[in-house]
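So the structure is just underneath, and the comments pick up after that.
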Amino acid sequence: MIGLWDTTGNEVVKALAAERRSAGGVASGLALTLIAVVEEKKVREAEAAATIAAAAHPCRVLIVVRSDLDGRSRLDAEIVVGGRLGPAEAVVMRMYGRLALHAESVVIPLLAPDVPVVTWWHEEPPNSIANDFLGVVADRRITDSAQAADPVAALKQRAVDYAPGDTDLTWTRITLWRTLVAGAFDTTDARVVGAKIVAPEKDPTAWLMLGWLKSRLGIEPVLEHTERAPRMRSVELQCENGDCVRVTREEGTALFSRTGQEDRYMPLPKRPVGDELAEELRRLDADQIYADALGAMAGVSGLEHRSPMRVHVWKDPTLAARAASATDAMAG
Amino acid sequence: MGNPLRTAQDRRLPRIPEPCALVIFGVTGDLSRKKLIPAVYDLANRGLLPPGFVVVGFARADWGEGDFESLACDAAKKGARTPWREDVWQRLSSQFQFVPGSFDNDDDFDKLAETLDELRERNGIAGNTAFYFSIPPAAFPLVLNQLNRTGLADNSKTGGWRRVVVEKPFGNDLATAVALNQLVDDVFNPADVYRIDHYLGKETVQNILALRFANSLFEPVWNSKYVDSVQITMAEDVGIGTRAAFYDASGAARDVLQNHLLQLLALVGMEEPTSFDPQEVRAEKLKVLKAISLPADIAKGSVRGQYLPGWVAGERAVGYLEEKNIPPDSKTETYVAVRLGIQNRRWAGVPFYVRVGKRMPRRVTEIAILFKKAPHLPFDPADVEMLGNNQLVIRVQPDEGVVLKFGSKVPGTAMEVRDIAMDFQYGEAFTESSPEAYERLVLDVLIGDRTLFPDAAEVEQSWRVIDPLEAAWAGTTPEPYRAGEWGPRAADEMLAREGRAWRRA
């Protein structure tokens, strides 16, 4: 590991090359570059997740922490090849002051040549990805609405801001749910006429589940709020022939019940973020089914026709803050 | 009408079989304990089994219900690749049933049929059943007749599908293989017979197809114009273990050359299938197997070996003849090297050197494509002395990956060219958490995907390659080699005669 304090982008590039050489035998293939945009207190968490994901997808991990925008411009970097972060090679960069607004100037030279770039926000998702050059440069963008103060609003904003290649970890979290629900209809031709989802009010996964069922089945699922469960509690589908299929979460397992059959338990574990990230990295093309579900849930159509390329829109948060305080002052 | 919740675009949703039952004959055996039960647990843990999945174990042993459960639990714990989760196991084992009995007792099979009907009723399984034959081939006729008698193998009786899974050995020569195939096909539909060659379940083996047919870089040079020779190696550092009786009766050629290695050869040599439909892939593999030619003089074009005592990986190893239950005058081979050819336009004149052996220096399976040397080298001969053939090596196990070996200038003021190896490795953890071959294959059986299973025609064609070799070897004594060596010297000489050498794997 090399630590560089108050350094420059070029020094980081050189140090990474030196570390790779001295580590030896790193000619093994890189499948992608993963940029993780993280806030300081979540760096360890992001590192742990990236380590798990890198085990399945050999990649270069660039962790970017941006803070203290008003301070002096400064770059600190930590370079790890092999070792703590498993098979990945990683650079953790902390950027302060105005430099933080130009993180791409440090990050772009560090991208592995000609392999896909994936940007993952392990913090509140940006309102508009076009404002963050680290998102514009990526082929795939992964947000996590659950990290926002209002997760459901954040998820709906993802639909407004959507471009093919975006996904949200909310979607990844319901893959196992969807597998169970879809599996129920492998052996029957019963038409589904209604659905009920029971979940806490602020659970974005329930909304995405609703969007998915709506887009695939053309029904209007009902969302029932409960305060008794911390996460989505159950999904119930009513069939035309009167049958009912229900999947209920019970601490790491799912109770699968269907009219006329014995209840059954299936595994439904909560996966670590690293596993979720690994699932995302498996596919680097646009997820059409997610787009359909997201659009149906937010009531926005035509998501798949948007351009996958974003154009960077410069937005200076300090100016915006100043403007906001000026308006406040005028109002006051 | 298809399932509206599944679309081809939704590749996150894994393939999950329809509700079904898995019946394992010989459930207390080695294979079942080491591979099968752990694979079933891993599948359950990954959430890839359908709700209401049932396992029925049948075996001769005098086990009680409880004994079987603890045996299965130990087996799953020991062999599982995914983390151990007690709740998953509890739920899975509640759907495990053990039926003790012997293969020649009608009552026991009636009991099996009853148990199965009961379980299916309870779990809403519409007849779907896979029968896994983890038993010696000698017991096949008995079990098949019982299945026939009780109507267990009969689709029309309860609806749904019936599948049967057969393990190697698929016979002992062509005649026995044909007899065995006929026997199984009599009771089951030929399309419902799944022959397990666990090599085909390996990630890297499937990657051979991706490497060849997804890239434009390799296909143009994948022929006799550019390829000098192909070496396929399967080396094991272990001895014969506890399989003395079986091994001494068959030997290395029948044990692994007939199945694993010829399958690897077929995948490397085959033409592009028109699609990845199982039928199409099998058709292309079969064509290659049919085109295999044996050496004109088998005595010269093949080498049999048998290991002597020696040292392997820092431990003393006994010789084959000193192994337990091996007759001291055994002439069974533990090593085979043979020069095969493929008679078609693509491969005419390219030798395929295939070797397998036990008690080799290390465990490795790889396929090496050795390319011809450049037709003209504008360098001083002394400068390229260290330049060998360009090679593309597909490492099947361990350290799954691909190596490309080519010449490069040695840094410095003089022009000097030597070989370097560019090594692509799947991440280590990746290979560890990637499904075990059996896990993949069991899932494929339950789903009904036959792509990775050789069919009867392939098995029979492979025996047509082995039988003449065995006939020519009859009565000969294998060449001795020390345990911990890369086989007998005669194998090196066989290649040296043609100006080639084995790649040190």
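Any Cβ shown, glycine's included, is placed from N, Cα and C.
Here's what TrEMBL has on this protein:
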- B:23-207: domain 'Glucose-6-phosphate dehydrogenase NAD-binding' (DOMAIN)
- B:ARG60, B:LYS168: NADP(+) binding site (BINDING)
- B:HIS198, B:LYS202, B:GLU236, B:ASP255, B:LYS358: substrate binding site (BINDING)
- B:209-503: domain 'Glucose-6-phosphate dehydrogenase C-terminal' (DOMAIN)
- B:HIS260: active site, proton acceptor (ACT_SITE)
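Distribution of TrEMBL features across the structure.
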residue  : record                       : CB count, 10 Å
B:ARG60  : NADP(+) binding site         : 18
B:LYS168 : NADP(+) binding site         : 18
B:HIS198 : substrate binding site       : 19
B:LYS202 : substrate binding site       : 23
B:GLU236 : substrate binding site       : 19
B:ASP255 : substrate binding site       : 23
B:HIS260 : active site, proton acceptor : 22
B:LYS358 : substrate binding site       : 26
Inter-residue Cα distance where the pair is B:LYS358 (substrate binding site) and B:LYS168 (NADP(+) binding site), in Å: 18
Distance, the residue listed as 'active site, proton acceptor' to B:HIS198 (substrate binding site) (CA atoms, angstrom): 8
DSSP state at B:LYS168 (NADP(+) binding site), helix/strand/coil: coil
Of the binding-site residues listed as B:ARG60, B:LYS202, B:GLU236, B:LYS358, the one whose CA lies nearest the CA of B:HIS260 (active site, proton acceptor): B:LYS202
Mean of the pLDDT scores, which run from 0 to 100, over the domain 'Glucose-6-phosphate dehydrogenase C-terminal' (B:209-503): 90
Residue among binding-site residues B:GLU236, B:ASP255, B:LYS358 with Cα closest to the Cα of B:ARG60 (NADP(+) binding site): B:ASP255
For substrate: widest Cα to Cα gap among B:HIS198, B:LYS202, B:GLU236, B:ASP255, B:LYS358 in Å: 21
